[in-house]
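Enquirer: One structure follows; several queries about it will come next.
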Amino acid sequence: MAFSAPVLRAFSQPTFTYVIKFPYNNWKEDEHLLWSLLAPGTESLMIQLKNCAPHPEDDPIREDILCSLADLHYGAVFAKACYIATSTLMGQKQRTLFPRCDIVCQSEIGSDFLHCHILVGGAGLSKRNAKISRATLLGLVMAELTQRCKLLLAHRPFEPAEATIYHELKRIEREAWSGHTGNWVQILQYKDKRGDLHAQPIDPLRFLKHYILPKNRLISPSSKPDVCTSPDNWFILADKTYSHTIINGLPLLERNRKAYLQELESEVIPGPSAMAFGGRGAWEQLPEVGEQRLITSNTSTAYKANKKEKLMLNLLDKCDELNLLVYEDLVSACPDLLLMLEGQPGGARLIEQVLGMHHIKVCAKHTALSFLFHLHPDQLLTSSNKALKLLLIQGYNPLQVGHAICCVLNKQMGKQNTICFYGPASTGKTNFAKAIVQGVRLYGCVNHLNKGFVFNDCRQRLIIWWEECLMHQDWVEPAKCILGGTECRIDVKHKDSVLLQQTPVIISTNHDIYSVVGGNTVSHVHAAPLKERVLQLNFMKQLPQTFGEISPSEIAELLQWCFNEYDCTLAGFKQKWNLDKVPNSFPIGDLCPTHSQDFTLHENGFCSDCGGYLPHSADDSVYTDVASETTSGDYDPGNLGDTDGEDSKSEASEVDYCPPKKRRVISATPPNSPVSGPSLSTFLDTWQSQPRDDDELRIYEEQASQFQKNTKSTSEREEAQLGESQEPQPEPDPTAWGEKLGVCSSQQPGQPPIVLYCFEDLRPSDEDEGENIGGD
C-alpha cells in the first residue's frame, strides 16, 4: 500500500489487555500541571487549540497546532511511558534486553481518568502469571513517569501543586513494588463456575479492529474531537476518542488509521463473506430459522466437572466398589486419591461429605442384614461355629436366636426393633454383640458422656450399638422411639436436628434398662413400653478364658443359614416356633433327646431343629477281644479277686479299683477301616462346592473312592460275620465240656479228674462279654 504504517498482520500469542490509570483525580481542573510536568513548552499551543474552530470550517492555525503537538502532548508521553514499561516487563519475562513480543499502547481521555490501554502478547506471559504481573507493570509505568517529571528539575524547581503530583506518583510506585495496586491497573478477566477470576486471553487483531482503531482524536478535555480530528480521518459512527497510539514503538498517525482498519477488514481478518454462511454477504438477508429448529437447538449442553468434582466422584466410586466406610479405610485402600483431595481447599470437609454421601447411599440400598451378606457372601455354617457354641452354652436354640436376629436386622420384627444381651461379666454378651455390629461395619455408638447429644453418632447408620445401656430421664423418650423403630428427630452437635430412620439396635448391658434413673429417683413407669420394644437374651453362664472371640464371619454363617432356611418375617418367626407373640424374654431352647449342648460332641454336626450337637456313632468292627490275645505270660494274680492271696495294693487302692476293660481298640487301624480317613461330616464340609482346579479334583476323587471302598469292605465284613454265625456248630461231647470247665480226665484208671484252675479265674465268654464291659 502507499503508506508506511506499523501494520500488524499477526500478533504474538497469548495476548492480554491491561488498563493503567493516571493516579490523579483532579487532573481535568489542573490540566496545566500535566502540561508543565509531562510536556513542558506545550502550554501555549494547548491554549490556542481551545480557540480553534471545528471542522468542516477551514482553520489553517488548527492544522499547524495539531502537527506541532503530534507526539509532544502529555497523552503521548503517557502512552510512551506505558510502552517502555511493558517492553521492560516482557524483557524480564524472557530474560533478554530485546524481547520478542507485540505491544500496542493507546492513551485515552476518559470521563473520570486519563488512562492507557495496553495490548501485549508473547512468550513468558501466560494465563497463570498475567494477573500477578499487574503490580510490576504499574511500578514500571510510575517509574517512567517520575523520571519524566525529573527532567523539569534541570530547568526549575517544582511548584507546590507539581510536587504534590510528583509525590503521589512516587507513593503509587512504592506501593506497587510492595504488591499493592489499588485500582490503578486492571486486566481483562473472566469468572469461572466457582466464582474465581482469571486472566482472559483475547484475539488481538479483532480487538484492534473493533475497539482500538475506530475512534476520533482528542488530546485535551478542554477541546473537542471535531477540532482535534481532520475531516478526512473522521469516523462518523464513533462516539469514543483516543489521545495517542503506539504500535511496537512507532506512533500510528491519524491519517493512517482508516487505511489500517480497511486492510484488517479485507485481508487480515476474514469477513462474513468468507465464512460458512452459504455464500451470502454481510448485509444480505439471513435464512429464516423455523420453529422446529429452535426447539431442537434448545438442548442443554453437557456439564463439565472441574478437578475437585472429578476427585470427589472418583472417591465416591471407590467407596462403592471397595466398601470403604470410614477414613481409615480410605487411607489403606486409596491413599493417592485421598492425598489429591486433601490438597484441595477444604479437603478434609470434602472427604467428610463424600463419606456422608456414601453412607446415605448404603443406607438407602441395604438393610443391616443384606449389607452383612454383601460383605460376607456364601458362608457355610459348621458345627465348630463359636456363635452356635455360645448360644448352646447359655441354653438357647441357636437357630431360633439366629432367626430372630435376621428378622430384627432386616426390619421385619414389628415393634421389637432391639436385641438386648443381658447378664454378668464374662458371659459373652459383648462378644456376641460386637461380632454382629462389626460384621455390618456401618454402625453408630451411643455416648452417655455427651449428655446433650447422646445419639449424635446414630444418623446415617445401618445398626446402632448401645454398650452398657443405662436409661436416664433425659433421653428415655427418644430412646423409646429408637428402640421401637419409630422415626424421630435427634440433636446433632453444630448442626440442625436430623431425622433418624428406623435403625436396628443391639444392646449389651448388665444394668436394668427398664428402670429409668433421674436425679436421686428411680422410676418404673417406662418399664412396660420398653419391654414391648426389646427382645432380651439372658446370658448367665460364664465362659472359660480360652473361649476366644466370635468373628463376624461366624455370625454371617449363622444368620445366612437361618435366612436361607426360614421366612425372616414376624409372621414366619411365630409360625415356625409356634408362638402367639414374641415375649420380651427370649424362650429357652429345648434340646431333642440324645442331642447335647456339649461342644466336645460336635463332629457329627448339629440338629436343624433344636440346634444341639448330634451324638457319636461307634463302629464295633474297630474293637477286638482281649481274652483271645491273652497268654499265660500275661497272667496277673491280682485279677483273681482273691483277698487272701498276696497283693501289693493297699485297701484304699482296692476300694478305688476298677476292673480293666474287656475290649480295647486295635493299635494299628486297618487301612480299609472307616476310621482311617476323615469322617463323613468332615468330607461334606470340605467339599461343599465344586473343585476349583485339577489338584482339588484329584484329591476329591481319591477321598470319594476311599469312602466307597470303606463302605464296601464294611458290608462284606458284616456278611462274613453273619455267615459264620449261621454255620452249624458240632455238639460238644462231655469231654469237651470238661475241658472248657477246667476239668481233665485222669491218665490212670480209677483216679479222680484233675482240676486245672478255679472257676473264679474263668474269662467271660463272648455271650456275656457285653454285660461285663464297664461293670463290676
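Indices start at 1 and increase along the chain as displayed.
Each Cβ is built from the backbone N, Cα and C atoms, and glycine gets one as well.
Okay, these came from Swiss-Prot:
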| type | residues | note |
| --- | --- | --- |
| ACT_SITE | Tyr211 | active site, for nuclease activity |
| BINDING | Glu108, His115, His117 | divalent metal cation binding site |
| BINDING | Gly423, Pro424, Ala425, Ser426, Thr427, Gly428, Lys429, Thr430 | ATP binding site |
| COMPBIAS | 674-690 | compositional bias 'Polar residues' |
| DOMAIN | 397-552 | domain 'SF3 helicase' |
| REGION | 606-776 | region 'Transactivation' |
| REGION | 627-690 | region 'Disordered' |
| REGION | 705-749 | region 'Disordered' |
| MOTIF | 211-215 | motif 'RCR-3' |
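Thinking about packing and proximity, how do these listed features fit into the structure?
Expert: Non-local contacts of Tyr211 (active site, for nuclease activity) by the CB criterion (under 8 A, 6+ apart in sequence, same chain) are absent.
Sequence-distant neighbours of Glu108 (divalent metal cation binding site) (same chain, six or more apart, CB under 8 Å from its CB) are Gly75, Leu114, His115, Cys116, His117, Lys215, Lys240, Thr241, Tyr242, Ser243, listed in sequence order.
In three-state terms derived from DSSP, Ala425 (ATP binding site) belongs to neither a helical nor a strand segment and is classed as coil.
Tertiary neighbourhood of the motif 'RCR-3' (211-215): same-chain residues 104, 106, 108, 117, 119, 235, 237-238, 240-242, 245, 257, 260-261, 264, selected by CB-CB distance under 8 Å and a gap of 6+ residues from either end.
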Enquirer: Using DSSP, what is the helix/strand/coil residue split across the motif 'RCR-3' (211-215)?
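Expert: Counting residues per DSSP class in the motif 'RCR-3' (211-215), I get 2 helix, 0 strand, 3 coil.
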Enquirer: Restricting to the same chain and to sequence separations of six or more, state which residues have a Cβ under 8 Å from that of Ala425 (ATP binding site).
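Expert: Listed in sequence order: Asn510, Gln542.
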Enquirer: Can you tell me whether DSSP puts His115 (divalent metal cation binding site) in helix, strand or coil?
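Expert: Its secondary structure by DSSP: strand.
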Enquirer: Pick out which of the binding-site residues Pro424, Gly428 has the most other Cβ atoms within 10 Å of its own Cβ.
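Expert: Sorting the candidates by Cβ neighbours within 10 Å, the top entry is Gly428.
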Enquirer: Near the Cβ of Thr427 (ATP binding site), how many other Cβ atoms are there if near means within 10 Å?
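Expert: Excluding its own Cβ, the number within 10 Å is 22.
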Enquirer: Could you tally the C-beta atoms, other than its own, that fall within 10 angstroms of the C-beta of Lys429 (ATP binding site)?
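Expert: There are 24 such Cβ atoms around Lys429 (ATP binding site).
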Enquirer: As a test of the contact definition, list every same-chain residue at least 6 positions from Ser426 (ATP binding site) whose Cβ is closer than 8 Å to its Cβ.
Expert: Gln542, Leu543
